[in-house]
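Undergrad: One structure coming up, written as structure tokens, with questions to follow.
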Amino acid sequence: MQKFLKNHVFSLLAWIVILVISVVALPNVSALTRAHSTISLPSSVQSEVANHLEARWTKTKKNTHEIGIVFNKEHGKLTAADKEAIDNTVAELKANKSKYGIKSMQAPNDNAASKKLLKSDDGTTWLVQLNVSKNHGTIEHINKQLSKAAKTSGVRTYVTGADILTDDFSSSIQEGIKKTELITVVFIFIVLVIVFRSPIVPLISLLTVGVSFLVSFSIVTNLVQTANFPFSNFTQVFMIIVLFGIGTDYNILLYDKFKENLGKGMTVKEAERNALRVAGKTILYSGSSILIGFSALGLAKFSIYQSATGVAVGVAVLLIVLLTLNPFFMAVLGRKMFWPVKEFSGETESKLWHGIARGSLKHAFLALVLTAVIAVPFTMMYQNKLNYDDAAEISDSTPSKKGLLLIQKHFSKGMAEPTYIYIQSKHKMDNETYMKLLDELIGKYSKLQNVDFAAGVTRPYGEKINQLYVNNQMKTVNSGVNQVVSGLDKLEAGSNKITAGAVRLKTGAQTLSSGSSQLESGSEELASGTDRLASGSSRLYSGAGSLRAGTYTLYAGLNSLSQQLSAQLSSSSQSQIQQLQAALPKINSGIQELNSALGSNSSVDVSQLTTNLSNVASQAQTIGTQLSAAGNTLETLKSSLSSAGSTSLSDSDKAAMLAEYNAAAKKAGLNDAQIAAMDAALNSVLSSVESKVTSQTASLTSSLTSSLQSIGQNIEAAGDADKSLGTSLKGISGQASTLSGLLSQVKTLKSSVQELASASNVALPGAVTALNKLDSGLEQVQSAAKEGASGAGQLYTGANSLYSGLGSLNSGIGSLQSGESQLTSGAKQLTSGSDKLSSGAGKLASGNKKITKGLGTASTGLKQGGSYLKGLQKSAAAETFYIPKSALKDKQIKQSIKTYLSPDKKSAYIMVVFKSDPSGNKATNQAQNLTQIAKKSFKGTKLANAQVAAGGQSSHIQDTRQTASGDFTRTAAIMIIGIGIALMFVTRSLLQPIYIMLTLLIAYISSLSINQWLVKPMLGHDKLAWNVPFFSFIMIIALGVDYSIFLMTRYRELQKADPQASPSSTILHAAGIIGTVVISAIIILGGTFAALIPSGIPTLIEVATTVIIGLLILMFLLPITLPALVKLTYEGLNFDFWRKSKPKHSAETA
């Protein structure tokens, strides 16, 4: 047991058990790294607020990965076949959403907006946007699954997105760590072999450091898994670098002291104890300072800075392992640790450090001035321009990075990573008031210099919907105004016409009133005339009856005459002719007597009939004129008139005429046969007359009937018919005159008789010839008698019609008398209405002038308003958004509201796509200015109190920059203060910690400046990664403090060993001794950090180069500044530091 305790076997066993437990308990590092690869920002920053709003807003985005699938034609544009193949792939994804964990999806052909936004202008690239549930699996699994599903024949396909890029970054770091681990182990082994010239020491050193790393890393990862301990992609790699770097340094320090003690002749046990006491003290001091420095990072607010706290855990475990496990190997192996070395010399001084320190001590002030002169330009030249694009950390050959580059190439650079402005209100925003405010903000964003386009609820495609803007709506308004103005002008012109018409109406109404008065008077006259017409019509009706009876008698007589003539001519015509020949002388005598008798008799008097007919015709004409003037309508007068009067001789007239003729014949001595023959001749003449009278009477009767029928239709037509009646009656009068003319033929007969009397005396000798002619004439008389009988029949028929028509005329005249009273009443009403019409027309004319004036004023006003509206339409003020309520139901607007407003309509987002790289300074600086623009735009409106936050890559980077920058300053101050306090305890001085920290800061700033010059030729870009300054700072400060403590601890040890020695000589000796250790440590650490370069991760490469440069600067700067400052502090400007008699200056007094 004593031997076990003496050889520290229990320590070995304990660490073996701890190591086994640590390895067994080690969680899945790859999955843990991926799960904590995303940078966590304080919940108060804009991008985190935006994420919170987004997560509360919609389930389709909550707890999802935003992923893009890029379809690209490498050479030329996408063909129709390519597009069809892409559509098939998209359809397959849509059909299997649950299989791929897709919550929402937008493809190029989904709608007009997606066609514009997701198809490149050059026709080579299409983009599909997905939201995939995080619960579907790891991002690595999702990436592999979608990459396989997206493969499309004929085109290149890439799956990309912020989370996929981060995952690929984590994978790259994991691959880089594997390379770094191997390179670090090999490099440290080689360096240790060179330093100790033994293969055993390097193995023991690597073993102890490896145990400390595995144990500490298991502790850290389990704390991450169980207690959410800070962790990031860089935690593991920096634990490896720091632990293997400083662990090796500490081992060198310890092993060197152990070797030195063995060289002094100490036993293994004594050498071990002394080494643990002396070197272990230095290790504890140095390690404690580093531990304090990295532990201070736990007070940082930024997760990436906090994640370096894991290094503090590693340092704590490292110190325990080195001071408990190394004693086992030293006690057990002893001198064999350094095999094959057999001679153990004491400490060797570094000629480099001794020479530099000697020169600095000799010219201390000048050395410090030269140091400042060299360091200040580096400090002034440093520009804090950093690259916050994490995608730059990924190789361009990575598929997700290729997809990102294709999007940036074929779309706007900001298309792959837009900025989202989230606006949350307490009220619904799907109305004109709020949408107008949102549109104004979108418009302001669109006009910003670096903005490609801004899309929102009122501009879903990134462009205005013209129908929703006043200037477009003003076109319709102006068109309407023009039409109204034109209409008003027409109304004004029409109103003028109305005024003129009203004046004319007034005049016409007055004329109408006058005419209606005349009508009233005329209607009274019409009543009187109608009475007379009725009386005359009754008499006419009575005469028509007589005419009908006489006509029938004539018809019967003619028929009888025709029969008698026929009988006589057929049976005894020859006998009669012979008798006539015998009686010719007597006939001649009779003719003379007849001539005498005719000469003494009067003609038939028909003048009374003619006078009566003329009177009736005159009255009818007067009635017709009055009816036409009345202008009113009789409703019905449908009777007809068959005959207007007799156009032939009455029976009494014919009888009187024959009686007079027979009396004359008897006086002439004619016998009955002769008288009968003469009667027959006379009747033939009368028959011809009767035929003509009948024909003309029928014609006149038809005219009268037609005229009287039209009376029944209306008053005005009745007037016209009465006029026609009058005319017809006059015609009848004219026919009566014709009868007078026929009677005049009788007179001619008398004359012919006279001539016959004269001629009979001469023509008697030719009597026979005359009688023959008489025979022929009798035949003609017989034919005429027949015709006369036929005509008499027609005359009878006409007489019947005339009689019937006159009955209808009497009935119609009765209706006329009834309508005439209504006409008189209407005429009176017309007179009254005409007066009112005249008065109203006057008022209309007067009032319409005012209307016309008002229309003119309105037209002028509208023209002025139209001119203003046209000017307004062309002005900037007309570019105002206005959406009618009806437009909210439009399909396009409803889709836009669904896309850009939350389900409760109280939140909205605006998508802003920058022209420049969204990860560049220009876009990131501008991203969060969008929030200020929004708040300024909403000031004084209903959205004045709305919560506004900017999300997206640019905003996230800006928040990262601000958080990292602010927290860097704060964390650096904490770290410096913590290390400074530790240095005060180590150095027992107040000034020395300041000297050390100033030296380290000079090395840090100078290394960053130099690395800025190297990064472009090395990596091809002119900016350092954003986290390089921080990681470089903690490494250079922590490791630099380590070396400073080495130097100052040895300085104190030598000072205690030789109190009489001057500070200058003591620091010079300490620098020479520690220089070897520090140079070896710097080589080892430099090599360890150099192992990061093959990782291919720009951040690790830049950190490595910065730290290596910083270590190289410290390798020369520490032996210059610290000796010079110690000399100036404790000895002043006296350069004769070699004199032993100089008064002693104790470090404790500083």
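Don't overthink the numbers, they just go from 1 along the chain as shown.
Note that Cβ sites are derived from N, Cα and C of the backbone, with glycine treated the same way.
So TrEMBL has the following annotated:
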TRANSMEM  180-196  transmembrane segment
TRANSMEM  236-255  transmembrane segment
TRANSMEM  283-305  transmembrane segment
TRANSMEM  311-333  transmembrane segment
TRANSMEM  364-382  transmembrane segment
COMPBIAS  824-837  compositional bias 'Polar residues'
REGION    824-845  region 'Disordered'
TRANSMEM  968-987  transmembrane segment
TRANSMEM  994-1014  transmembrane segment
DOMAIN    997-1128  domain 'SSD'
TRANSMEM  1026-1046  transmembrane segment
TRANSMEM  1067-1093  transmembrane segment
TRANSMEM  1099-1118  transmembrane segment
Undergrad: Would you mind listing the long-range same-chain contacts of the transmembrane segment (180-196), meaning Cβ under 8 Å and 6+ residues beyond its ends?
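TA: Answer is 202-203, 205-206, 237, 240-241, 244, 248, 252, 255, 259, 338, 341, 1080, 1083-1084, 1087-1088, 1090-1092, 1094-1095, 1100.
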Undergrad: Could you check whether the transmembrane segment (311-333) packs against the transmembrane segment (968-987) - three or more CB pairs closer than 8 Å, residues at least 6 apart in sequence?
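TA: With fewer than 3 qualifying Cβ pairs, these stretches do not touch.
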Undergrad: Restricting to the domain 'SSD' (997-1128), what is the model's mean pLDDT?
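TA: Within the domain 'SSD' (997-1128), the model's average pLDDT equals 87.
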Undergrad: Examine the transmembrane segment (1026-1046) against the transmembrane segment (364-382) and state whether at least 3 Cβ pairs sit under 8 A, considering only residue pairs 6 or more apart.
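TA: Contact between the transmembrane segment (1026-1046) and the transmembrane segment (364-382): absent.
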Undergrad: Using a Cβ cut-off of under 8 Å, list the residues of the same chain at least 6 residues beyond the transmembrane segment (236-255) that approach it.
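TA: Beyond its ends, the transmembrane segment (236-255) has Cβ neighbours at 29, 33, 173, 176-177, 180-181, 184-185, 188, 191-192, 195-196, 201, 204-205, 208-209, 212-213, 216-217, 220, 275-276, 279-280, 282-283, 286-287, 290, 308, 310-311, 314-315, 318-319, 322, 326, 337, 1031, 1035, 1038-1039, 1042, 1046, 1077, 1080-1081, 1084-1085, 1088-1089, 1091-1092, 1095, 1100.
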Undergrad: Mind checking which residues reach the transmembrane segment (283-305)? Cβ under 8 Å, same chain, six or more beyond either end.
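TA: Residues 39-42, 230, 232, 234, 242, 246, 250, 253-254, 311-312, 315-316, 318-319, 322-323, 963-964, 967-968, 970-971, 974-975, 977-979, 981-983, 986, 1027, 1030, 1034, 1037-1039, 1041-1042, 1045-1046, 1049 contact the transmembrane segment (283-305) from elsewhere in the chain.
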